[in-house]
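For reference, the structure is listed below as structure tokens.
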Amino acid sequence: DLSLLRFISAELTRGYFLEHNEAKYTERRERVYTCMRIPKELEKLMFFGIFLCLDAFLYVFTLLPLRVFLAMFRFITLPCYGLRDRRLLQPAQVCDILKGVILVICYFMMHYVDYSMMYHLIRGQSVIKLYIIYNMLEVADRLFSSFGQDILDALYWTATEPKERKRAHIGVIPHFFMAVLYVFLHAILIMVQATTLNVAFNSHNKSLLTIMMSNNFVEIKGSVFKKFEKNNLFQMSNSDIKERFTNYVLLLIVCLRNMEQFSWNPDHLWVLFPDVCMVVASEIAVDIVKHAFITKFNDITADVYSEYRASLAFDLVSSRQKNAYTDYSDSVSRRMGFIPLPLAVLLIRVVTSSIKVQGILAYVCVVLFYCGLISLKVLNSIVLLGKSCQYVKEAKMEEKLFNPVLTATPGKPAGKQQSVFKSTQGISTDENVSTSVTNQPVHQKENTPSLLVTSNSDQFLTTPDGEEKDISQDSSELKHRSSKKDLLEIDRFTICGNRID
């Protein structure tokens with residue numbers, strides 16, 4: 001007989017056994033462990049990526065001026081040595097001179113932009129309007145970064161490609177003006193971003209700064225509930241690294257401008273410190289929450305971030321090879337969408353306008369500061385190279401550096417592979433890595449085909465989780481799979497990262 005008392009008694013005494021569904025609950029527990037590991041693994045990747053961006057950024061201030069000086073010295077003293085080949089300068093030297101000239105021209109053009117007038121113009125706008133402007137600037141920065149690298153690559157290739165007629169050199173001029181215009185406009189855009197952030201710091205009620213920080217959490221809504229694969233997550237991780245490093249530089253610019261207004265009073269720095277910590281903490285919290293739930297909803301393990309780190313390390317190691325086809329700073333620009341030239345132009349403009357150099361002692365301090373920057377750059381590069389070799393070795397990717405390279409010959413497709421590396425007996429793989437990464441790029445004659453490092457080193461990163469196949473299988477077996485883009489083929493981030501299939 002059914003009764004209320006028996007129903008209540010059954011509800012209080014009924015039991016169940018979780019071990020009957022052991023696989024389900026084990027999987028749920030692993031998801032919790034994965035979410036707990038995400039902050040540590042993500043910050044390892046971010047820490048390594050930020051120092052990669054710092055290395056490329058310091059290159060503009062330290063080694064690039066020295067390389068430009070050496071290239072100009074070679075060009076001036078060329079009649080003394082005679083013209084041994086058809087090229088006046090090496091391709092890398094041509095690119096260095098172009099970068100240096102663009103940097104100098106854009107720096108002088110930035111003097112015609114009044115920072116104070118821009119600050120008061122933005123300060124007079126309403127809070128809601130500034131919030132909309134800041135969002136538009138973030139989108140415009142991504143679009144500029146994506147298209148700007150193509151403009152710079154087009155300029156470098158147009159200036160260095162083999163030309164049969166002297167008239168073909170005229171094509172460099174329009175590409176050069178396009179590159180100067182791009183760097184100048186991108187530097188102005190970043191200046192408006194820094195000015196908006198400065199206005200938010202100096203507002204009395206801090207309402208604009210609070211709204212701008214809450215805008216970061218809107219990013220979670222736009223990305224967490226979308227389908228992500230490993231390649232898409234790798235692209236988003238690179239974008240987050242670039243965004244975090246750019247925010248650090250913007251905060252540095254804001255602090256410099258504020259300290260100048262208060263006559264470099266160190267007490268005012270402690271007034272800015274809580275706001276700076278709030279900006280940095282919000283960025284870290286948003287990245288952790290976003291990546292934790294993306295990996296949870298898409299069944300991606302936390303070990304994937306070590307694979308991403310190995311891919312970034314592979315870029316650094318391969319750029320040190322003898323047959324490297326790109327500079328390291330350019331590879332960082334393509335991979336992360338971080339172009340250091342506009343940011344460097346703005347920082348030089350702000351530093352020179354904020355700090356007045358007068359007297360011999362001041363110039364001596366500038367020289368010592370420059371020597372300190374060079375020391376920091378060299379130390380950072382050595383540590384990064386050592387850690388990169390370690391990450392590549394742990395990921396068992398060191399043999400990929402010596403895989404057959406791509407050769408482009410007339411009448412044959414570029415996809416054909418020919419072996420150019422022969423290992424000598426008695427030399428281990430680690431020794432080969434250490435010798436190859438320390439060699440400098442050498443000039444190749446025009447009649448020899450260009451050697452490119454293969455980009456199939458991360459095939460295991462695009463392998464589905466359910467398949468347990470060897471990563472060293474032949475390319476003919478991979479043709480039957482669904483076509484997926486390799487991680488090393490993802491040059492820069494895009495807005496629609498989830499459309500990479």
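Note: Cβ is positioned from N, Cα and C throughout, glycine not excepted.
As annotated by TrEMBL, transmembrane segment applies to 46-73 (among others).
Marked as transmembrane segment by TrEMBL: 94-113 (among others). Long-range contacts of the transmembrane segment (94-113) within its own chain (CB-CB distance under 8 A, at least 6 residues past either end) are made by residues 60, 64-65, 67-68, 71-72, 155-156, 159-160, 176, 179-180, 183-184, 187-188, 191, 327, 341-342, 344-346, 348-349.
As annotated by TrEMBL, transmembrane segment applies to 176-201 (among others).
Here TrEMBL flags 338-355 (among others) as transmembrane segment.
If you look up TrEMBL, you'll see 361-386 (among others) marked as transmembrane segment. Under 8 Å from some Cβ of the transmembrane segment (361-386) lie the Cβ atoms of residues 51-52, 54-55, 58-59, 61-63, 316-317, 320, 437, all in the same chain and six or more residues away from its ends.
Summarising the annotation, TrEMBL assigns region 'Disordered' to 412-483.
Residues or ranges marked as compositional bias 'Polar residues' by TrEMBL: 416-462.
Marked as compositional bias 'Basic and acidic residues' by TrEMBL: 469-483.
Tertiary neighbourhood of the transmembrane segment (46-73): same-chain residues 89-90, 93-94, 96-97, 99-100, 103, 237-238, 240-242, 244-245, 248-249, 287, 309, 312-313, 316, 328-329, 332-333, 336, 338, 340-341, 343-344, 348, 370, 373-374, 376-377, 380-381, 383-384, 387, selected by CB-CB distance under 8 Å and a gap of 6+ residues from either end. Beyond the transmembrane segment (338-355), the same-chain residues lying 6 or more positions past its ends with a Cβ under 8 Å from any Cβ of the stretch are 53, 56-57, 59-61, 99, 102-103, 106-107, 110-111, 115, 144-145, 148-149, 152, 183-184, 186-187, 189-191, 194, 241-242, 245-246, 249, 252-253, 256-257, 259-260, 329, 332. Counting only same-chain residues 6+ beyond the ends of the transmembrane segment (176-201), those with a CB under 8 A from a CB of the stretch are 98, 102-103, 105-106, 109-110, 113, 115, 118-119, 122-123, 130, 133-134, 137-138, 140-141, 144-145, 147-148, 151-152, 154-155, 208-209, 212, 246, 250-251, 253-254, 257-258, 272, 275, 339, 341-343, 345-346, 349-350.
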